[in-house]
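Everything on this sheet refers to the single structure shown next.
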Amino acid sequence: MSVINMSDLDLAGKRVLIRSDLNVPVKDGKVTSDARIRASLPTIEAALKQGARVMVTSHLGRPTEGEYNEEFSLLPVVNYLKEHLKNPVRLAKDYLEGVDVAEGELVVLENVRFNKGEKKDDETLSKKYAALCDVYVMDAFGTAHRAQASTHGVGKFAPVACAGPLLSAELEALGKALKSPARPMVAVVGGSKVSTKFDVLNSLVKIADTVIVGGGIANTFVAIDNNVGKSLYEPDFVDAARKLRDEFKIPVPTDSRVGTEFSETAPATLKKVSEVNDDEEIMDFGDETALAMAKLLKEAKTILWNGPVGVFEFPNFRKGTEIVARAIADSEAFSIAGGGDTLAAIDLFGIEDKISYISTGGGAFLEFVEGKALPAVVMLEERAKQ
């Protein structure tokens, strides 16, 4: 995979448009989780340091396309950047016909989804974005799987299109985990539904030596041979789960923590999976299962983690995810983690500095794991050939 990297270019005096992923949660006008902005800062700072005239843009939330809506403005992000950058920062609301940027200044272009045609990868809009810059930098791995005007179209028409350091690092880390992993490789796939992760499971069983399943996905595997009561599982996928279990190395939980209602205060009872009653639901790994999975992780050389193994938001059903998370953190393996709930678990257990690589992408992370081509990356590869 060959793309032009931002680090290969001389940006001095150039107009540089960086497409970052600054889609962060905002409450009462304040950024409540800054992980994505922090991940994007080194790219912005590197361009400013080179003496470029830097513009950065992103989407935020899901506004009605083509309409300005203050609720989805990038202003809270601008205020955050003002606090964390030495350079002057300002927000530009109307920029499609051109914007003046001083050297050493950062101009944040308002939410791209306020522009009609953004999601449809509209060619006219893409050309307007491209006319703003001498160099377009795609640095938003989290949206690399969407062909949109600010992530894909603009790159076709900008004088130069390159990958930013964050995007390059994401692709390198995922490539290391999936293309030539040190073995044994263990994947952890959690979450509520087999149906949404079926393609991921199908890909991973062919790459990994062991795939650990958790959450509602694991319940579907448990349901092959057991009553799962009122647990979240997918009856339609039991046969597919059986086929995967029989063909590949997927250890199925042997015990679990169950509750009689899905609530934060529901008491947890430790049970063998063969003993679950009709009025109970499985909400976490039991100790035996969690420790067995931790042993597999301890022996791993490569770990890919996507999704918690239980309802970790509820303190009574957190232990399984914590044991697995700490096993990954303590492992000497190269570990890569991705997905919103996974990042929340990493945050909760304070193990951020013990994971080798934390991916900023959710959907893009999964599509890459599935082996799908990411439109933004394909575009960058094509531009590199020109």
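Cβ atoms are placed via backbone N, Cα and C, with glycine included.
Features as listed in Swiss-Prot:
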| type | residues | note |
| --- | --- | --- |
| BINDING | D21, L22, N23, R36, H59, L60, G61, R62, R113, R146 | substrate binding site |
| BINDING | K197, E313, G339, G340, D341, T342 | ATP binding site |
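Here T342 (ATP binding site) comes close to G190, W305, N306, G307, P308: these same-chain residues lie at least six apart in sequence, with C-beta atoms under 8 angstroms from its C-beta. Of all the binding-site residues listed here (G61, G340), it is G340 whose C-beta has the fewest other C-beta atoms within 10 angstroms. In the three-state DSSP assignment, the secondary structure recorded for N23 (substrate binding site) is coil. All chains included, 23 other C-beta atoms sit within 10 angstroms of the C-beta of R113 (substrate binding site). D341 (ATP binding site) and R113 (substrate binding site) are 25 Å apart (CA-CA, integer value).
For the binding-site residues D21, E313, D341, the greatest number of Cβ atoms within 10 Å around a candidate Cβ is found at D21.
Taking a C-beta cut-off of under 8 Å and a sequence gap of six or more, K197 (ATP binding site) has these contacts in its own chain: V189, G191, I217, N306, G307, L366. Every protein chain shown contributes to the tally, and the Cβ of H59 (substrate binding site) ends up with 26 other Cβ atoms within 10 Å. With respect to their backbone Cα atoms, G339 (ATP binding site) and N23 (substrate binding site) stand 14 Å from each other. For N23 (substrate binding site), the number of other Cβ atoms no farther than 10 Å from its own Cβ, over all displayed protein chains, is 22.
A separation of roughly 28 Å, to the nearest angstrom, links the Cα atoms of E313 (ATP binding site) and H59 (substrate binding site). Taking every pair among D21, L22, N23, R36, H59, L60, G61, R62, R113, R146, the residues listed as contacting substrate, the largest Cα to Cα separation comes to 18 Å. When the alpha carbons of G61 (substrate binding site) and G340 (ATP binding site) are compared, the span between them is 15 angstrom.
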